[in-house]
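Colleague: Got a structure for you, written out below as structure tokens; questions coming shortly.
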Amino acid sequence: MPALPILALALAPLLVNGQLSGSVGPLTSAHSKAATKTCNVLDYGAVADNSTDIGSALSEAWDACSDGGLIYIPPGDYAMDTWVSLSGGKATAIILDGTIYRTGTDGGNMILVENSSDFELYSNSSSGAVQGFGYVYHREGDLDGPRILRLQDVSNFAVHDIILVDAPAFHFVMDDCSDGEVYNMAIRGGNSGGLDGIDVWGSNIWVHDVEVTNKDECVTVKSPANNILVESIYCNWSGGCAMGSLGADTDITDILYRNVYTWSSNQMYMIKSNGGSGTVNNTVLENFIGHGNAYSLDVDSYWSSMTAVDGDGVQLSNITFKNWKGTEADGAERGPIKVVCSDTAPCTDITIEDFAMWTESGDEQTYTCESAYGDGFCLEDSDSTTSYTTTQTVTTAPSGYSATTMAADLTTDFGTTASIPIPTIPTSFYPGLTAISPLASAATTA
């Protein structure tokens with residue numbers, strides 16, 4: 001087998017500024033893993049004929065390399081009829097340079113990586129993909145098919161330079177993971193709820209330079225979570241980024257979202273709950289640009305789309321919304337500021353500053369606050385936290401609301417009844433910024 005054009009990575013995990021608590025990423029490079037052992041799935045029975053099931057070959061390659069090594073999926077088209085549970089890896093990497101097409105019909109997760117450390121999944125060519133063909137389910141009204149990718153209890157990891165398309169259910173879930181980095185990804189799903197882009201909970205995780213198209217979660221933090229940094233995110237006809245849904249014993253702290261661009265989505269950012277308990281604190285949401293979204297800043301502690309949970313409500317405190325620009329679809333119907341907090345667990349120390357948005361339809365917009373205390377717009381600045389409701393109507397556009405768009409903004413969604421094409425990974429995910437890390441394809445050809 002010819003030598004693999006493996007992306008050169010630093011031996012030490014990366015440390016960045018922000019809400020992270022320490023270094024993130026694999027502890028050893030793909031080069032060192034390959035030098036220990038290389039397991040090509042073709043040697044374990046895989047055939048790039050878009051017919052032969054790759055599931056057993058990938059499982060066997062993992063078993064052979066899980067104690068240290070690199071698993072290689074060469075360019076080509078592979079069918080996946082049986083799902084894989086890849087467990088107990090130590091210093092293991094997977095290079096996906098081919099395209100995996102779902103042919104199986106089981107539920108669960110097509111690819112589950114669990115109880116592993118020092119793990120990396122990426123594509124040398126930045127074109128490796130998994131095509132879930134979710135439309136086969138969705139056109140029948142079925143949203144209970146498999147997820148594409150799930151990491152569970154994985155530490156010191158990276159997932160990058162891969163494309164996930166048309167998941168029957170969620171696209172990518174990180175469940176109780178730590179010290180990880182996710183970047184340079186494109187996720188493209190159907191235009192329906194229940195088809196989440198990225199859901200993450202855990203500790204010390206950096207998600208950046210990701211494009212998501214769907215109609216549910218773009219990049220969403222769930223509980224429990226701490227020290228999560230999310231930046232340079234392109235929600236391109238999506239549900240939008242969010243926190244939640246939040247229920248009993250919520251425990252979220254030290255979260256930073258910045259440089260988030262949202263186009264034709266449900267919201268720019270939503271914190272959603274209905275009853276429940278616990279806390280969300282020390283969160284910053286800054287440098288947001290939006291256009292054509294139904295909601296913009298949306299905190300809803302009585303979110304009717306979830307069943308009410310026992311408890312007085314999730315306590316939100318020390319949350320800052322800063323430097324938001326752009327336009328919303330209809331500011332009279334759904335104003336750009338909505339901070340609706342629980343009467344029995346009011347929000348405290350909320351800050352809204354440098355916020356300038358204007359309606360695309362009509363000539364007025366509203367700001368609504370309920371039981372929310374802090375500084376800015378309709379928030380009440382008071383030592384008292386008794387319940388209140390106020391709505392302000394604005395008929396003059398604020399200065400500085402104008403914001404640029406992205407050239408790749410979609411003009412329509414991909415529906416739910418036809419196959420969705422595999423996109424390429426962009427090199428910019430926020431106006432005026434290039435990706436923090438170059439695509440792997442650029443590094444391997446340099």
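Using N, Cα and C of the backbone, Cβ positions are placed for all residues, glycine too.
Quick paste of what Swiss-Prot says about this protein:
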SIGNAL    1-18  signal peptide
DISULFID  CYS39-CYS65  disulfide bond
CARBOHYD  ASN50  N-linked glycosylation site
CARBOHYD  ASN115  N-linked glycosylation site
CARBOHYD  ASN124  N-linked glycosylation site
ACT_SITE  ASP216  active site, proton donor
DISULFID  CYS218-CYS235  disulfide bond
CARBOHYD  ASN236  N-linked glycosylation site
CARBOHYD  ASN281  N-linked glycosylation site
ACT_SITE  HIS291  active site
CARBOHYD  ASN318  N-linked glycosylation site
DISULFID  CYS341-CYS347  disulfide bond
DISULFID  CYS369-CYS378  disulfide bond
Colleague: Pop the Cα-Cα gap between ASN281 (N-linked glycosylation site) and ASN318 (N-linked glycosylation site) into the table, whole Å please.
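Modeller: If we compare the Cα positions of ASN318 (N-linked glycosylation site) and ASN281 (N-linked glycosylation site), the gap is 5 Å.
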Colleague: Which one of the disulfide-bonded residues (CYS39, CYS235, CYS378) has its C-beta surrounded by the most other C-beta atoms within 10 angstroms?
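Modeller: That would be CYS235, with the most Cβ atoms nearby.
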Colleague: For the C-alpha pair, I'd like the distance in angstrom between CYS218 (disulfide bond) and ASN236 (N-linked glycosylation site), rounded off.
Modeller: 9
Colleague: Could you give the Cα-Cα distance between ASP216 (active site, proton donor) and CYS235 (disulfide bond), in whole Å?
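Modeller: Distance (Cα to Cα, whole Å): 10 Å.
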Colleague: Consider the recorded positions ASN115, ASN281, CYS369, CYS378 and say which one has the Cα lying nearest the Cα of CYS39 (disulfide bond).
Modeller: ASN115
Colleague: For CYS218 (disulfide bond), which of the three DSSP-derived states applies: helix, strand, or coil?
Modeller: strand
Colleague: What does the structure give for the C-alpha distance between ASN115 (N-linked glycosylation site) and CYS65 (disulfide bond)? Integer Å is fine.
Modeller: 15
Colleague: Which one is it, among the recorded positions ASN50, ASN281, CYS378, that lies nearest to CYS347 (disulfide bond) by Cα separation?
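Modeller: Out of the listed candidates, the nearest Cα belongs to ASN281.
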Colleague: Including all protein chains displayed, how many Cβ atoms other than that of ASN124 (N-linked glycosylation site) lie within 10 Å of its Cβ?
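Modeller: That number is 22.
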Colleague: By a simple count, how many Cβ atoms lie within 10 Å of the Cβ of CYS347 (disulfide bond), its own Cβ left out?
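Modeller: If we count other Cβ atoms within 10 Å of CYS347 (disulfide bond), we arrive at 28.
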Colleague: Here's one to test understanding: among the recorded positions ASN124, ASN281, HIS291, whose C-alpha is closest in space to the C-alpha of ASN236 (N-linked glycosylation site)?
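Modeller: Checked the recorded positions ASN124, ASN281, HIS291; minimum Cα distance to ASN236 (N-linked glycosylation site) goes to HIS291.
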